[in-house]
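Peer 1: Questions regarding the structure given below will be posed in turn.
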Amino acid sequence: RSRFGRAPALSTSSILLNCTLLWEIIDIDGGFVRCQRSDFHSPPSPSPSMKGTPWCAPLKVKHGHASCRTPRGEYYKNVLSTRCKIHCKKGYEVEGHHEVLCMANRRWSGNYACREIRCPKLSMPANGGFKCSDGSYFNSRCEFFCSPGYTLKGERTVTCMSGKTWNGGQSTCVDIDPPKIKCPNVRDKTAEPGKLTVRVTWDTPEGKDTADGILTDVILKGKPPGSHFPEGDHKISYTVYDRAGNKGSCRFSIRVRVRRCTPLTPPDNGYMKCDSDGDNYGATCEFFCLGGFELQGSKARVCQSSMTWAGAETTCIPMNINVGVRTAAALLDQFYEKRRVLIVSAPTAANHYYRFQMDNLQHAQCGLDLRHVTVIELVGIYPAQIGRIRHRLIPPGLALQLRLLLQISHNSYNMVLIDKQGIDKMRYTFPITAAELFATIDTFPLRKEEMLLQQEAGQTCQS
């Protein structure tokens, strides 16, 4: 006797097929379950011939196990109608049927296997990569890395979990490393003689991007190579940018030194003129004395590389004219390159031209001193003639020699102007005003230079 039952249109792996009470499954075919009446109403005692005799082959689940339930009791393993559920160990999942049934044809109702769990394949990050301990399989640990110049953003390591997912998101490699640039070392430069600046050159530093090697901008702050740098410290910086906008910079200093001597001061009753900066290596200072004073020491001094001044200390002392010399030439030599000489000659002290001239000059003594003019008076006729330089008398014989040397007549009024080089510049047979005399002297080339120096020194005359 048998009874057929219609099973739902589902696989035997997803539903549980059963016969009604007191009936047992003998076959499953095309979705039909064939049942026959059982000959017993309660679990029978195992017979010696059937006890332990399998109907289907024993189940072997690699990387797992099966849990079975048989209708004839635990002594009848794998007999007809035995149902087995497939279980996989951790890290594996069932592939095929999750439950199988031992059928009348002595076969199990479906295929099964435990397959190792796999997570989705990881994407390779741009400019980087990853290394995994066991591919994409369960419990595999993958570590991300980046190419030089790039930094990892996200998880450094991820692990494949039992739910077929990684325990972290996708990591990326980003360029956050600044480009590298190296500047020259600090440079010390010393100015050449007479110079206050130094021309400094250097090789423009080249930046390097550790990522893709491409730089977009190189910015210089400071003077470019080949510039002239004045005394002091000068800071130079270079800044570079890569395509990601990262910035790298370097700095260096240029120190320019000017060797200097201790600054000189103008002598009392005199002044000085210096070129360049006045106290730097190679600078020259010239000294000048006011009218009525003569220079002692060095007329010019130079700042040397040892930062000391060449020459002797300069002073201006009152000019001391020696009227005891024997010749007129010796007398005039004392004025050479120091003073101008104005000789006023008259036959008598009562001469109208003489009196007018001397009165006019006495009121212009400041202007005479400013122009370095010494007045020599020659009055009288030999042997009664006398000479005078301010309050100092010139012997008659020396006065006569002056008239003879300069060919000055003793019978009439004459005035002779001699320049610092001993040149007879102007002669007058009549008196002139101090303003006219000064206007003539101020046209001399040497006097023009003196005027500039006196203006720089602040020397003026109100008379």
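Cβ atoms here come from the backbone N, Cα and C positions, even for glycine.
TrEMBL entries are annotated by machine, without manual review.
Per TrEMBL, the features are:
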DISULFID  CYS146-CYS173  disulfide bond
DISULFID  CYS289-CYS316  disulfide bond
DOMAIN    66-116  domain 'Sushi'
DOMAIN    117-175  domain 'Sushi'
DOMAIN    174-258  domain 'HYR'
DOMAIN    259-318  domain 'Sushi'
SIGNAL    1-30  signal peptide
Peer 1: If you draw a 10 Å sphere around the Cβ of CYS289 (disulfide bond), how many other Cβ atoms fall inside it, taking every protein chain shown into account?
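Peer 2: Counting Cβ neighbours of CYS289 (disulfide bond) within 10 Å gives 25.
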Peer 1: At the Cα level, what's the spacing in Å between CYS146 (disulfide bond) and CYS316 (disulfide bond), rounded?
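Peer 2: Given the Cα positions, CYS146 (disulfide bond) is 83 Å from CYS316 (disulfide bond).
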Peer 1: What same-chain residues, at least 6 away in sequence, bring their CB to under 8 Å of the CB of CYS316 (disulfide bond)?
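Peer 2: Listed in sequence order: PRO267, ASP268, ASN269, GLY270, PHE287, CYS289, LEU290, PHE293, GLU294, LEU295, GLN296.
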Peer 1: In sequence order, what residues of the same chain, 6+ apart, have a Cβ less than 8 Å from the Cβ of CYS173 (disulfide bond)?
Peer 2: PRO125, ALA126, ASN127, GLY128, PHE144, CYS146, SER147, TYR150, THR151, LEU152, LYS153
Peer 1: Can you count helix, strand and coil residues in the domain 'HYR' (174-258) using DSSP?
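Peer 2: Counts, helix then strand then coil: 0 helix, 44 strand, 41 coil.
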Peer 1: Mean pLDDT, the domain 'Sushi' (259-318)?
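Peer 2: Mean model confidence (pLDDT) across the domain 'Sushi' (259-318) is 91.
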